[in-house]
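Going by Swiss-Prot, these are the annotated features:
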BINDING   G162, A163, G164, I228  NADP(+) binding site
Amino acid sequence: MNILDGKSLAKKIKHNIKQEVKHLERKPKLVVVLVGDDQASLVYVKNKVQACADVGFSSQLDMFEKDVEEDVLLNHIKSLNEQEDVDGILVQLPLPSHISMQKVIDTIDPSKDVDGFHPQNMGKLFSGDLENAFIPCTPLGIKLLLDEYNIDLKGKNVCIVGAGFIVGKPLSMLMLNYDATVSVCHKYTKDIVEYTKTADILISATGVPFLIKDYMVKEGAVVIDVGISKVNGKIVGDVDFESISQKASFITPVPGGVGPMTVATLLLNTLKAYKQRI
């Protein structure tokens, strides 16, 4: 069993970005928009703002009360679209129920959509125009982690557990672009084990603690755990790490696997947005 160490790769990516930023005429700028006071979201956005500082980016955190009117938020995003010095705009998800996530995403200028969720960027991902797309951060982080350990996707059976908008759906399309044979399991999948057991690469993104047990995984599989939950005050993933690490050829830890890569790829996307704008 080998550990897919997202923490060390993210550190390397951040170091390379920091060196590059030193030679730029102006600092790339990311604006993070947070609606409400959800503690987990607050931790995530503070991590993103800190990561910007670590590599020499400029950043701005715009916070709104949870009962902010949808139009007020949309108009704020439109004003950020117009600001020449803003390269990336990220609206932290989830949003309160009275605000349409789709409307918010659609309002972000696609050239500043560093989360990669705008239909234009999703369309480029779907069509295979990866060079010009902003690929959503977690799927991109997973791909870079696989690359770092020379894990080829071509012809591999990839099973993704979780069909969410943020990870599962875009990840399935990204894997297809690299010639993997992809199956996606969700809450209506009748026999998940039938799919997980044949996977060369198994990726779980459900947020259900210890959902993936050792009997669901084939010997020598690569196992990537995107899930993050708290159980008895401890951060855990979707995967029963102790038992599955005995069977897997490679496995990500939680924490220290996919999480740091998601932040590192946000920085990569922001730098890409900056370069496309100059």
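From the backbone N, Cα and C atoms, a Cβ is placed for every residue, glycine too.
Sequence features annotated in Swiss-Prot and their locations in the structure.
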| residue | record | contacts (Cβ under 8 Å, 6+ apart) |
| --- | --- | --- |
| G162 | NADP(+) binding site | G168, C185, H186, S204, A205, T206, G207, V226, G227 |
| A163 | NADP(+) binding site | K169, S172, V184, C185, H186 |
| G164 | NADP(+) binding site | A205 |
| I228 | NADP(+) binding site | G207, I235, V236, G237, V254, P255, G259 |
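In this structure, G162 (NADP(+) binding site) belongs to neither helix nor strand by DSSP; it is coil. Under the DSSP three-state reduction, I228 (NADP(+) binding site) is assigned to coil, being neither helix nor strand.
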